[in-house]
């Protein structure tokens, strides 16, 4: 599917289908001035459809009408935009996704014109439509025996905004990164495991000319990564510590690290998860790694002047005679000792060594991403990501990037008093604290493994997965927060 901006008006456009946006009206809508010429060209059909369907432009309402065989346009889509005062780039993106869903199963539509109000600027409008169309179209059918035919739609023309190649390229790259992340998360643990995840990243590195260093188990032992290897001990599959690097041409403006939790399956270990959805969903526990490498794909395409290190300590958390037990003591690569009082709080153990490794690279900021705690979902629900940071400037930069991305974040406290709950009588700390404030104590645990570098922790346990098709998301992995990470790097 090709998306392009155009200076052409709706009145002059010709193709299979055209989508026209209308703001909500409490009274009967009339054809706006900018569409009267098109309505005349279509013999008044726009006004007729509005009257016959009592279309009032309510948000989420979409009317599709097939026109006569002699009409210059074959299908007319009237799209409700809701309250004009609430129109913004996020609403535009959602609107484009709704249009994509409305037309993707229609084999008669190969060309689509979009006449929608500008949101902020013409460039932002082009980017938002691009994101909405690509993500609204996306379905992951890789594992079905009968494949659906691809959508017939070949070209989308955004009318009245002029040529916007840079904005459309940005939106396209963001979507490709999101979709890569979604497919990693959606793949079950017999498809994506530490070995195949590393192979996928190796292919990514080869495609984009990125540097790649994969530390094998012996390398991790030599580096003293006892925390990571404690989690990996029970699995029959070898752990893979993945370090992917994007370097710009010339001197980089900045050097940062993105660290993603990479548990390709989490049984809970000896603190085994209960049967049912809790354990069945644990293929998604590498959502942080998926977002990390999805961001890498987009950044490699966009080529910013920032050096970025993408890191994930990838393993499974399984059960065997070799596995870590409740009460075991692990030693992380910074020398700190950890009493394991819950084998199902394993993600932070893998992140501990990954954060130590990242800081040794001499980066100016570290952001970790993890499906870390159910406590964060209890606090913020499944739409909002928890953000913790020891640096106000970094926290603000991520918040600003999230606004550009349209992904929801909420900054949470790093309450030092709560570290009391992590204290151990026999080690430097335990890996879990009391039930209360569980997402905060998890962040405080991670903070112990970053000494002097600005650091932020993103708990994506809620928004990493969607239970239904909604907005730009399809059921399954969401690719959250690839777009925020990319906007942060670009800024």
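Just so you know, glycine gets a Cβ as well, placed from its N, Cα and C.
Long-range Cβ proximity for residue 346 (Mn(2+) 2 binding site), meaning a same-chain Cβ under 8 A and a gap of 6 or more residues, is found for 231, 263, 266, 269, 317, 431. Swiss-Prot lists 261, 266, 285, 346 with the feature Mn(2+) 2 binding site, giving sequence analysis as the kind of evidence.
Swiss-Prot lists 266, 344, 346 with the feature Mn(2+) 1 binding site, giving sequence analysis as the kind of evidence. All protein chains considered, the CB of residue 344 (Mn(2+) 1 binding site) has 18 other CB atoms within 10 Å.
Taken from Swiss-Prot, the feature active site applies to 273 (among others), supported by sequence analysis. Neighbours of residue 273 (active site), defined as other CB atoms within 10 A of its CB across all chains, total 17. Residue 273 (active site) falls within neither a helix nor a strand when secondary structure is assigned with DSSP, and so counts as coil.
Cβ neighbour count for residue 348 (active site) (all protein chains, 10 Å cutoff from its Cβ): 26. Under the three-state DSSP scheme, residue 348 (active site) falls in the helix class. If you look up Swiss-Prot, you'll see 348 (among others) marked as active site.
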Take the mean position of the Cβ atoms of 261, 266, 285, 346, the recorded Mn(2+) 2 site. Which other residues of that chain put their Cβ within 8 Å of it?
262, 263, 282, 286, 317, 347, 350, 370, 371
For residue 273 (active site), the one of 261, 285, 344, 348 that lies nearest, given that the recorded positions are compared by Cα:
344
Reduce the DSSP letter at residue 261 (Mn(2+) 2 binding site) to three states and note it down.
coil
Cβ atoms near residue 285 (Mn(2+) 2 binding site) (within 10 Å, other residues, all chains):
25
Rounded distance in angstrom between the Cα atoms of residue 348 (active site) and residue 285 (Mn(2+) 2 binding site):
12
List the residues in the vicinity of the Mn(2+) 1 site, defined as same-chain residues other than 266, 344, 346 with C-beta within 8 angstroms of the site's C-beta centre.
231, 263, 267, 268, 269, 271, 273, 285, 317, 343, 345, 347
